[in-house]
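This report concerns only the one structure given below.
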Amino acid sequence: MPEPNSKLWKTIITSFCKDGMHEEALSLFAHKIQSSSSFTHNNYQLFTTILKSCAAVSATRLGKSLHGYVMKVGHISCQHVYKALLNMYAKCGVVNDCKKLFGQMGHGDPVIWNILLSGYASNRVYDARVLRLFYDMHVANQTKPNSVTVAIVLPVCARVGDICSGKSVHAYVIKSGLETHTLVGNAVVSMYSKCGLVNKDAYSAFVSIVAKDVVSWNAIISGFSENKLNEDAFRLFHGMLRGSTEPNYATIMNILPVCASLDRNIGYSFGREIHCYVLRRAKLVADISVCNALLSFYLRVGRMEEAELLFWRMKSRDLVSWNAMIAGYVSNDKWLKALDFFYELISVEMIRPDSITLVSILSACAQLQNLVVGKEIHGYILRHPYLNEDTSVGNAIVNFYSKGNDIEAAYQSFLMISSRDLISWNSMLDAFSESGYDTRFLKLLHWMLREGIRPDSITTLITIHLCATVCRVDMVKETHAYTVKANLLLSDAESNIGNAILDAYAKCGCVEYAFKIFQNLLENRTLVSSNSIILGYENCQSQDEAHTTFNKMSVTDLTPWNLMVRVYADNHFPHQAISLFLELQGWGMKPDAVTIMSLLPVCSQMASVHLLRQCHGYVVRACFDDVQLKGALLDLYAKCGSIGTACKIFQSNPQKDLVMFTAMVGGYAMHGRGEEALRVFSHMLELGVELDHVAITAVLSACSHAGLVDEGLKIFYSIEKIHGIKPTMEQYACVVDLLARGGRINDAYSLVIGMPIKANASVWRTLLGACRTHHEVEMGRFAANHLFEIEASNIGDYVMMSNLYAADARWGAVTEMRKLMKTRDLKKPAGCSWIEVERRENVFIAGDCSHPQRDIIYHMLSVLDHQIQDPFQFGQINS
């Protein structure tokens, strides 16, 4: 078959270019130009076509080669070739060469200006040059900006937020009579919308467009949508449907996010209608971007099944489709489902995960704390440099490891990020803050500042959170000072930073500073700030100031009521707490689980089983299924003597956590039922519940009270060997008491002397009490001397030692001990006891005769005393 002639070759190459087969066209052109020097002779149109293909595929090197060839053969004088060269440089982003070529030719044609403007406008770096070049074009006498010029310049004004320049260009449009052009009108609408002036300016520009096309409608609908004016966006969409302009793929993509932002049920209803509209139009159904927008809509409104059904029914799926599904499942807390879809994606050979995919799936692994899968994904990232160099992926890896409590791996991942942004620094700072690594946090913060990176509001909030956690007032003040200097407080529209600083001051005990911040917030005071100041007053035991702040609040939220009940309960004002509890119900508010938890300490303070039963009854009627609350009820019943009720709560609750097990063990310990406590403890171990120090202390106390020495010692020596927990001082004190109660006083003494850490007052006091029980005077004196060195102001220790001397008839030592108490001005507080009889609290204080029924009580006590002293008579009464 003979080779096609030059004319046919040119026709084939031109056809390839028109069909978008630019690489094939360039390859064929390069082959033909090498084999025939006359192939391009006097063919300006072919050069123009080939240069357009270079621009389309960014073939800069070939374009420059063609530029040299054009200069050589003299085709540069042709305006078509010249413009094609200029366009090639502009589209390839080689703006310097584009500017040089522009300077070599005449500037009378607006197309030449527009090509140069579009080249600069394609890169944000040159935004200022675009505006300056437009000004030069405007003042030049050779040519004037046209509608295309305006359509290039206005998006740049919107991008930089330069509304003044945008209005100047709009003024030029009006003066030049270009406002009737649909292209210009659309650009003006879009510019005003993106600058936030959508209600009047953008809408007025839209109304003034004579021949509105689909782009005009899309510009105004997206403008209202982007500015959160959803009702107006819907109104315009309905207006578009009633008119002659039919919505296209962009319209659907603009309106669906508006539906998703509404109330879930209402938005779902509107979105379904739009979906039906799409299904009636084959062109829209076939558009993958429309299907992806529908996917995102269903996922945002939580309709996972419908999204998945749509996904599998799509004729073609791209990476955006997969990413939408994975991100949708992650945002709806369906993390395992997100992993399933990720595995499906990587099984599809034609599609490879990108940075968006990996950011979403790493978030799912972080929530699941699935270190195994997360590390596999990290390995995949390391094997693909284009992913490893992506900053957003690096940030996701840091977040994944920090959520999995592997701070060292998070830090190493942070160091591997080649170009760290502010999110990178904030992620690592947050990881250190949450883990309480205050020293490493400060070092990283100082490093960040040395790098010249300016902290934002997120950095500030993370820093304040750390300050509050470690109670560093100096750090709070430094951070506060920075927020003032950086004007972060003034720009903080929602007062998040102000409330955080207030909360930090309150937690650090600086209520005066906190109150000043509270006053400065003025109309921006929130429920959070009011609650923080109440908590601050509670920490300082200033319940009156807390109540004053509470009274000034005009909120119907239950949180401040719960806080105020807790303030009264924590500061031992039980009657005020009960009164406030009744008052909140009087306002028509229903107590929640937190309210009851706040009130329960009052039951303990008043030893009121009746109030405790009322709280318990409310919990049952309200169907509160809170394990912590049930654990607290169990603990209080045990402390109030109702161990049977405590046991019923324990047995009736199928979901027992560590708190509930510990409360039951402690309850049995309190009532001397050591064997039952050991059974519960053993059951807890069988279930694999991870122990803490409180649980171990409770079971050791149970063994001590029940005299189960061997069992208690076995548990004590298993703390470190089996459970990997170092014994605490409190546990050493329990074992000393355990040995002493079992009569092994010398073993108790040896344990104290051989402790790996220095014994504290609690341990020595336990040993002293054991010495008093077993009349070990010398050992007791040794323990007392250590005790008085550590804690010299506890009168109970002196009384205990004095009684020990008295039991051994060492009256001189007793006298010396009492003199020492007098010298140090130590006075024993009056003994107090109380009991609830017929729902009424009865309080008795030593030496007090204020009880209204004191005569009857003392008479009965006298009778009982007489009966105790006369065993024969007491026996007769019993018989």
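Using the three backbone atoms N, Cα and C, a Cβ is placed for every residue, glycine included.
Per TrEMBL, the feature repeat 'PPR' maps to 5-36 (among others).
Sequence-distant contacts of the repeat 'PPR' (213-247) (same chain, at least 6 residues past either end, Cβ-Cβ under 8 Å): 182, 185-186, 189-190, 192-194, 196, 198-199, 202-203, 206, 254-255, 257-258, 261-262, 270, 277. Here TrEMBL flags 213-247 (among others) as repeat 'PPR'.
Positions annotated as repeat 'PPR' by TrEMBL: 287-321 (among others). Helix, strand and coil content of the repeat 'PPR' (287-321), in residues and according to DSSP, is 26 helix, 0 strand, 9 coil.
Each residue in the repeat 'PPR' (421-455) gets a DSSP state, and the totals come to 26 helix, 0 strand, 9 coil. Per TrEMBL, the feature repeat 'PPR' maps to 421-455 (among others).
The repeat 'PPR' feature in TrEMBL is assigned to 557-591 (among others).
TrEMBL lists 657-691 (among others) with the feature repeat 'PPR'. Below 8 angstroms of C-beta separation, residues 627-628, 630-632, 634-635, 637-639, 643, 646-647, 650, 698-699, 701-708, 711, 715, 723, 725 of the same chain, each at least six residues beyond the ends of the repeat 'PPR' (657-691), sit close to that stretch.
The predicted model assigns the repeat 'PPR' (657-691) a mean pLDDT of 85. A Cβ distance under 8 Å defines the sequence-distant neighbours of the repeat 'PPR' (421-455), meaning residues of its chain 6+ beyond its ends; these are 391-392, 394-395, 398-399, 401-402, 405, 407, 410-411, 414, 462-463, 465-466, 469-470, 472, 482, 486. Assigned with DSSP, the residues of the repeat 'PPR' (657-691) fall into helix, strand and coil as follows: 26 helix, 0 strand, 9 coil.
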